[in-house]
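Here is the structure we will look at.
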Amino acid sequence: MIMTRRFLHLLRDLRPSSVFKEDSMSPRKITVQIILLQLFYYFTAAVLFYLWGTVYGFKLEIKEWLFSWTAIDYANSVGLSIIMLWLVDALICVMFLTIIVGRSKLAWDFAITIHAINLIVVYFYSGSWPSFQWVILQILSSLILIFLGTWFTRWKELRETFFDGLLDSSIDTSDNIRQSDNNAIEMKDLEAQR
């Protein structure tokens, strides 16, 4: 009974609305963001593997494809397809990184954290260190997440700051001219008051 109360209290404290309103460096917010990104990373890969496996008629070994490095092979078409699906997964996770994290300074950290956790999961699932091919794949995937994640989060930050309202098609050019004339008149009035 006491464990249930503690668990319910923990869930109430981790409500997404209250956690995401905290400071960007809050440990609770960072923990929730890491968990969400890791879940989306694996869920997206599982969906891609399932769709690919059913379309091409392969025996579905999604657990092996997700948590093991043995299927990664540059010598056969199945291995190359799984490599491409992992890279597509990284491209899709750029969107999740942009939405969940939203800060360009933190994109590097979260991209590397996703792949570090993936390395730990693969090591404990397979019981041995991954192959060199798997490591190369993870480096490429992390580079996609790092560079595109940083670029998109920076674009999101700058768009919200500088570019909102720049391309309003509903405003006439004559209104813009009158508005700029009014601003100039106000500036002259401010200068006259000195």
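For all residues, glycine too, the Cβ spot is worked out from N, Cα and C.
Nobody curates TrEMBL annotations by hand; they come from automatic prediction.
The transmembrane segment annotation in TrEMBL covers 34-58, 78-99, 106-126, 132-152.
Listed as Cβ neighbours of the transmembrane segment (106-126) (distance under 8 Å, sequence separation of 6 or more from its ends, same chain) are residues 24, 33-34, 37-38, 41, 67-70, 93, 97, 134, 138, 141-142, 145-146, 149-150, 153. If one looks beyond the transmembrane segment (132-152) by at least 6 residues along the same chain, the residues whose Cβ comes under 8 Å of a Cβ in the stretch are 69, 72-74, 79, 83, 86-87, 89-91, 93-95, 97-98, 101, 104, 107-108, 110-112, 114-115, 118-119, 122.
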